[in-house]
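J.: Would you mind keeping the following structure in view while I ask a few things?
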Amino acid sequence: MKQRSFLSILCFILLAFGVASVSAQTCIENRKYFTPNGTYDSNRRLILSSLPNNTASQDGFYYGSIGEEQDRVYALGMCIPRSTPSDCFNCIKGAAGWLIQDCVNQTDAYYWALDPTLCLVRYSNISFSGSAAFWEIEPQYLVLNTATIASDLTDFKNIWEDLTSRTITAASAARSTPSSSDNHYRVDFANLTKFQNIYALMQCTPDISSDECNNCLQRGVLEYQSCCGNNTGGYVMRPICFFRWQLFTFSKAFHNITLATPPKPPMNVPRPPSVGHGANTTDNDSRGVSAGIVVVITVPAVVIVLILVVLGFFICWRRKSLQRTEFESDSDVSTTNSLQYEFKTIEAATNKFSKSNKLGEGRFGEVYKGKFSNGTEVAVKRLSKVSGQDTKKFRNEAVLVSKIQHRNLARLLGFCLQGDGKFLIYEFVLNKSLDYFLFDPEKQGELDWTRRYKIIGGIAQGILHLHQDPQLTIIYRDFKASNILLDADMNPKISDFGMATVFGMEESRGNTNWIAETFVYMSPEYAVHGKFSMKSDVYSFGILILEIISGKKNSSLYQNDETTTAGNLVTYAWRLWRNGSQLKLLDSSIGRNYQSNEVTRCIHIALLCVQENPEDRPKLSTIVSMLTSNTISVPAPGIPGFFPQSRRELDPLSEGLESG
């Protein structure tokens, strides 16, 4: 402890004499790596080189991808609103160049560049649009000014907290243009003294939700406060959000703000050091700071100080950065403790698991609505003993799953253990599950084609996120309409991870004798042999697409007689497709308000998903591309799995569909 304090003193003295240049570029470690000069590297260089033009010409925000399969590179470019095209172009170009130069083999990296405007460049080997997963917000980096606020400025803390609080609120509020960099952006200022302002800037990527933006910015502000609350400025950066405050304007972001007029600065009072990136510290903005703000460090014995500086230089240099602090997640123990709820808290929230709070019941337990004392609404799942996990495995998997965050996944907030009882606490989703609307003739009309198409795309994004999580791979194995929740805006959220098998990074196949999924959604290899893989989820997703389009259950077709193979939704869709009358599959409650090309493409994709051979089914990344781009060619589907091979000549068009 004494040694750490001594090192801190040495580093502080050294910093008083000058500030090391700190880069805002981050090559994310502990991910996959690529081979330099290979196909992935070529695609990375190609998309990053095109990013300056694409971003500057598209209102300061661009997201795209290039390449195929494992060599595909996703990239994002973003400038703050009202940046000139020239500044935006140069900022993105500089940031992209730094990433190419410094991140020699990391598949995921980002750079918040500060000059000539503020901009973000990021690339990855997985799609990150709309993602606020745990690795998007941890770890993050903090850079600070070394000078501290004068002790006589007693109102500073209140003024600073009020400024950051209202800036978070304004920045996280969604705009009407979600694809523009103007979404989730705010600059503001407050008067500290008659002649001195405080300036704050906050920005999130425009593709995340307001709650996700608010959460990210709140974390940044709290971490800055706990670390460096008395310093005269700094910034916190993450892949999805950025927070900076200073006693001077910066990044040409404050053109429309009336600035306080500083008095003539006294002699020999140094202004605070600039926080730049790389070797470029040029900033033409106003940087005058009154003498009352900066604490001047006086050293009575200059010789002693110089000796300490020389001694401390090497030690501080070995710590890699004099001003950057990486906040990593706590140990596994503390993470577990932060997620574990006391039983009395859960019991009180659910009114002792009263019948009036019960939302539903499935094979693996009952679900209750709960409300904590702070007003937060949650869904509490009380697992039945058939779930079969031992306590240690249950706790470990709960911690892992809680780290997975995406707008199309119902977030696991924590868990509870009480004797033999196990409980999972999820975020509460306002609307009920998809099947509540989809299979009820009186409610089907609330799901027009636009909403259904959006639901299909959202589910695909959610599954892709589960399959491509860099920390673990989850094969869900329980896709069905009742496990898709709908929020207030009818956005889908995949729920109930109690069935999911958690794998290590390299393992993607497994076997089980426990065939627990609803049979009508099962892939042939899973139902017959108990084998599952990512392609098993693809098969189930294909069934779900057909149900969403038709408003019918896969099991809703009837059997003609005891000798005739039972028809189902898959066989019916295939026969309609083969006869060129696929639009007959569409739910009649939709009427004529639909795009026939979208419906046809979704049926086409669904039939590819339900192919008998897993190798013939597309990957989720390919499915997402097919759904989002009409320029991608879609191969012709073959006969689906579980098709009644012996009765191919049976005329299915005479078979009716019953209500689900």
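Yeah, the Cβs are placed from backbone N, Cα and C, and that goes for glycine too.
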J.: By the record in Swiss-Prot, which of ASN230, ASN374 is the one labelled N-linked glycosylation site?
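T.: Among ASN230, ASN374, the residue Swiss-Prot annotates as N-linked glycosylation site is ASN230.
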J.: Check the candidates ASN256, ASN431 against Swiss-Prot and report the one noted as N-linked glycosylation site.
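T.: Of ASN256, ASN431, Swiss-Prot lists ASN256 as: N-linked glycosylation site.
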J.: According to Swiss-Prot, one residue among ASN53, ASN554 carries the annotation N-linked glycosylation site; which one is it?
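T.: ASN53, according to Swiss-Prot.
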J.: Look through ASN191, ASN579 and state which residue has the annotation N-linked glycosylation site in Swiss-Prot.
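T.: My reading of Swiss-Prot gives ASN191.
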J.: When the pLDDT values for the topological domain 'Cytoplasmic' (316-660) are averaged, what is the result?
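T.: A mean pLDDT of 77 is what the predicted model shows over the topological domain 'Cytoplasmic' (316-660).
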J.: According to DSSP, collapsed to three classes, what secondary structure does GLY365 (ATP binding site) have?
T.: strand
J.: Have a look around VAL367 (ATP binding site) and count the other CB atoms within 10 A of its CB, chains all included.
T.: 21
J.: Give the three-state DSSP assignment (helix, strand or coil) for SER482 (phosphoserine).
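T.: The three-state answer is helix.
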J.: CB neighbours of GLY365 (ATP binding site) within 10 A?
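T.: The answer is 22 other Cβ atoms.
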J.: When a 10 Å sphere is centred on the Cβ of LEU359 (ATP binding site), how many other Cβ atoms does it contain?
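T.: Around LEU359 (ATP binding site), other Cβ atoms within 10 Å: 15.
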J.: Let me know the most crowded of the recorded positions, choosing from GLU361, ASP478 and counting other Cβ atoms within 10 Å.
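T.: The residue with the densest Cβ neighbourhood is ASP478.
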J.: Looking only at Cβ atoms, how many others are within 10 Å of the one on SER482 (phosphoserine)?
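T.: If we count other Cβ atoms within 10 Å of SER482 (phosphoserine), we arrive at 18.
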